[in-house]
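Notes follow once the structure below has been shown.
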Amino acid sequence: MYGIGNTTILTILISIILLNYILKTITNTMDYIIFRFLLLIALISPFVRTPNYGMYLPITGSLDAVYTNSTSGESFLTSTLCLYYPTEAKNEISDDEWENTLSQLFLTKGWPTGSVYFKDYNDITTFSMNPQLYCDYNVVLMRYDNTSELDASELADLILNEWLCNPMDISLHYYQQSSESNKWISMGTDCTVKVCPLNTQTLGIGCKTTDVNTFEIVASSEKLVITDVVNGVNHKINISMSTCTIRNCNKLGPRENVAIIQVGGPNALDITADPTTVPQVQRIMRINWKKWWQVFYTVVDYINQIIQVMSKRSRSLDTAAFYYRI
């Protein structure tokens, strides 16, 4: 029995040593394979053409650049495109297959079936405050309304830029704007915004803090207001609380993968006058408004030219946002 026990122990020890040797051999082999694989990647990477999201390439040329209608262009096999449109467009077209028709037309421009998504919205104002932009490239169709031209330009500013906003309690606190990128954004069915600038003793400058009738009116009965006041000065603010909300917002920079197509209107809205829009660049496409089918056909024709002045899902804040008009 003693000899059998020793033999068993010896067998176990030999098995452990052999297993350890096999595992070390496998580990060394895998290390060798991984090393050769990484070395191969390092050698071929300079020759592989891939997108660079960190480089800022400014776009030069005429502000009224002419876009050529072309069927040739980049093959967007790995990109997605979202087209946002007002619900009225779908109602006017009244065709259950219209999205499939457009998908087939986008296919002729290099966009594979399934890469283009269509999403309607009921109210552009609500959409602009928190736009859900899901795709690599996002194109928003915005119908021009001559009764709210100012609102439209501010809506475009909200959609084309990233904003960080926080609620304001104007009944308890004074507020000041810290920089040109800091704005107060009011939205509602009826927004009348009044402000009273304060001195260092919190006394009103040209107004009485206890009398809102002496406040300066910066907006009256509007649906959307982006208020810009003198930086570094406290203000007491008054708004119609029952019909309006106000938030303290900071413009972080442009959404480079977003473009707006203005549908109709005599002129394209100019948002580049805002000193926080950097650089001062605008690309305009001018086509007469007819029917929604005509609008969508035009978008299909020029989609690749529009995409070329956008950045795919870029997070850089250096380049311009672009505003288009049909």
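Keep in mind that glycine also has a Cβ here, set from the backbone N, Cα and C atoms.
The signal peptide annotation in Swiss-Prot covers 1-50 and rests on sequence analysis.
Among the features that Swiss-Prot reports, N-linked glycosylation site is placed at N69 (among others).
Secondary structure from DSSP puts C135 (disulfide bond) in coil. Around C135 (disulfide bond), taking its Cβ as the centre, 20 other Cβ atoms fall within 10 Å, counting all chains. Annotation source Swiss-Prot lists disulfide bond at C82-C135 (among others).
A sphere of 10 angstroms centred on the C-beta of D95 (Ca(2+) 1 binding site) encloses 11 other C-beta atoms. According to its DSSP assignment, D95 (Ca(2+) 1 binding site) is coil. Taken from Swiss-Prot, the feature Ca(2+) 1 binding site covers D95, G206, T214, E216.
Sequence-distant neighbours of N146 (N-linked glycosylation site) (same chain, 6+ residues apart, CB-CB distance under 8 A): G265. Annotation source Swiss-Prot lists N-linked glycosylation site at N146 (among others), citing sequence analysis.
Annotation note: C249 (disulfide bond) sits in a strand segment as assigned by DSSP. The feature disulfide bond is assigned by Swiss-Prot to C165-C249 (among others), with sequence analysis given as support.
Per Swiss-Prot, Ca(2+) 2 binding site is recorded for Q177, D228, V229, D301, and the stated evidence type is sequence analysis. DSSP assigns Q177 (Ca(2+) 2 binding site) to coil in the three-state reduction, placing it in neither a helix nor a strand.
Per Swiss-Prot, disulfide bond is recorded for C191-C244 (among others), and the stated evidence type is sequence analysis. Long-range Cβ neighbours of C191 (disulfide bond) (same chain, at least 6 residues apart, Cβ-Cβ under 8 Å): A219, S221, E222, K223, L224, V225, I239, S240, T243, C244.
What Swiss-Prot records for C196-C207 (among others) is disulfide bond, and it gives sequence analysis as the kind of evidence. Sequence-distant contacts (6 or more apart, same chain, Cβ under 8 Å) of C207 (disulfide bond) comprise C196, P197, T214, F215, E216.
A simple way to gauge crowding: the CB of N238 (N-linked glycosylation site) has 17 other CB atoms within 10 angstroms, across all the protein chains here. Residues or ranges marked as N-linked glycosylation site in Swiss-Prot: N238 (among others).
Of all the disulfide-bonded residues listed here (C165, C196, C249), it is C165 whose C-beta has the fewest other C-beta atoms within 10 angstroms. For V229 (Ca(2+) 2 binding site), the number of other Cβ atoms no farther than 10 Å from its own Cβ, over all displayed protein chains, is 19. DSSP gives G206 (Ca(2+) 1 binding site) a coil state; it is part of no helix or strand.
Each of the binding-site residues E216, D228, D301 was scored by the number of other CB atoms within 10 Å of its CB, and the largest score is that of D301. Neighbour density for T214 (Ca(2+) 1 binding site): within 10 A of its CB lie 13 other CB atoms from the protein chains shown. G206 (Ca(2+) 1 binding site) is 15 Å away from N238 (N-linked glycosylation site) when you measure Cα to Cα.
Sequence-distant neighbours of G206 (Ca(2+) 1 binding site) (same chain, 6+ residues apart, CB-CB distance under 8 A): P197, T214, E216.
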